[in-house]
């Protein structure tokens, strides 16, 4: 047996359970930036920083009893926890802010699992039922019942088609998510754990979704087929007692198993051999492979956790190489038959799928049918509702040949659909879906609500619903005799328009406010020989763009205020407060089929046009959505799934903030809206391009993310956060300048900017740690110059000191010295400017007023420059220093934001006291908000800045 040294740290104090300890959990986030641990005997959850293991973890205390289950959403933004107190709670991640109690059970929770999109959470426990919960609104989608003992583990298959569950008696059930039916029941195939609460039976799908792994009865791990539940093979080695936990590597080539014999074995799955092992002092009850590295996180029944580095020998393939790309499998929504299966009749109804499949395992020949070619249904009437059903997948034995066929046909479908768009794009309304005979469709779907319509007996029935019924009014349904085809909606009103009809070829525009002081506030306009193509709403205005390339602007009372001619045919338009954005064709399509579009932004209240330019699109794509973010930033999305936002950077540029190609190509993202950090969309399975009205669509939240190149540090998530923070800081800066120019108070924005700067400094410090670990020292030096706060620079110095990089520590010291000198120069200049101003003021003041004024020349809280306020707050945080740390201990990054609350130190003795506590000399300039009556203290601080160079911790004189 190889000798391994895996250092374990105590994460939770565990009370002995008849000498057996308690079940503890550990998991990584997807970027491997955090480790989360919990224990069934501890009501708290700990979020650890694996880059800085010596720092104290962030503690979440919201449960009243031990935490028995953890799960993190696939995009690492939501953490779920289940407890002995019967509750399931959701938190923001990694911040840890409590969100909601999403559900409760009658008995303790034992298992949680998110599906692949994060839109559904499965929860189960001792009361034997499994709840499927919509994470967007917290509703219970379905309750699955079939187990006869406490459910101890849940696993969604990677294709989101099945759910596997296991109970304490060792029985496994395959559930079909589409219908909630039991597909296979495998009784007693795993050990019966009985009343031992430190051991949980577990199930887990392989990363490619083809195999379900279950602990066996012979101290082995058994693999079962995903579709037939046939036993495929088992891994049996040197475990002398049953396996109590296991974990797949990210690429599925390796497995880690832990047994009640306190051993952890690492397996090469293809060779069915164990390649390494380690014996621990206590049973390892939970493990998690690092998503982007060769490491394994472990935790034992006594609450001690650690990271086993270099789990797989360097001579073998890395556990993160060739991670299965599930999009390449034939589970991408375009479901095809083999040649010999074309005559099978599949309508998508549940009656075809074998009503007698409940209970015991089906015979291997009972393959479930798959849906016909979605391409054929795509161009047939009334076929779209079947698209939204979860796909059916054949047995793994026919996968390979179908993958090739599916990919070829997918490419053919794309080329056919592309060739059909060789002409200029037609006008469309953002958030609308195409008309389908006999089916309800969306006239508008946005962040406020939706407008739906269905045609019946020559007229239409229109309904308006708000997402937040507490904010929006309840609007009665409306009978539509005009046949409206476009609509727009906001919190205050709706506007409708139809195509040209009748002998006079007339189009009608109708406005309906939701609340008004007058009785008859609705109005309508008729346009003869001119069809309304797109409508938009804003604050007290309505806009309609017509087939005559006219932009018609009305007041909310119906006054025709402006009529403008546009340069080309309209494509779409959107409104936000006083601004109207219109997209038009700038010219015919290029020979490459690229659309040539132009956007213009009008300020309706001022009668100005602040923005105009070309609208960028991905080559070969067309515009699918256009609008404003919740903060008022102009945004667009094209058919290749690239979301762009217009900013003032580089004189006005479109930034790509999301790319569907970086997500899952088998899914289409129907955009609804966005805010500063999230994209709100509805996920449609390929080839569906839009959602049906019924069942009610489920909103999915996705993180905004730049399409970055693969970093040599593997720190794309941190680099993305860094760029996003910079963008948000620039936006806040612009708003502050606008408010300051208008004479408005910028205090709230200044606080927001400071919080963002703290978050950016924390991100930069993590990037510096990654650079140091990857030996990218020049990049680390570039990053330290971008730190905003003096304390952050000192924290970076302590970081490289702990990592034993003396040359880098010296360079960081030089950066700090230069910054302190610059601050000292600015501090010297400000008293001179203030003294000149006070001489002029003193000529008109009484002697008593002169004394009061000269005592505190800098005490006025009024500041005209917003940036000056931010710098003052940064200096205030730096003044109180870094917390007292032991040698080689890195300061806690989270304390940067907490120290914003500390009051000013108003005497030299207090400055000296705080400096001694942090090990830093009081060598910085005085805070401009502090009264300058103590001249001796200020003078000494300035002298320290000029004469004292921060010491290199690696010099002999500094070594204790």
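Just so you know, glycine gets a Cβ as well, placed from its N, Cα and C.
Please treat TrEMBL annotations as automatic predictions, because they have not gone through curation.
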Range annotated as region 'Disordered' - as stated in TrEMBL, picked from 895-915, 916-936: 916-936
From 297-316, 317-336, 377-396, the residue range that TrEMBL assigns the feature region 'Disordered': 377-396
Stretch carrying region 'Disordered' according to TrEMBL (options 254-276, 346-368, 415-437): 346-368
Tally of DSSP helical, extended and coil residues in the repeat 'WD' (60-101): 0 helix, 24 strand, 18 coil
Rounded mean pLDDT for the residues that make up the repeat 'WD' (236-277): 93
Helix, strand and coil residues within the repeat 'WD' (236-277) as assigned by DSSP: 0 helix, 23 strand, 19 coil
Secondary structure composition of the repeat 'WD' (144-185) [DSSP: H/G/I, E/B, coil]: 0 helix, 22 strand, 20 coil
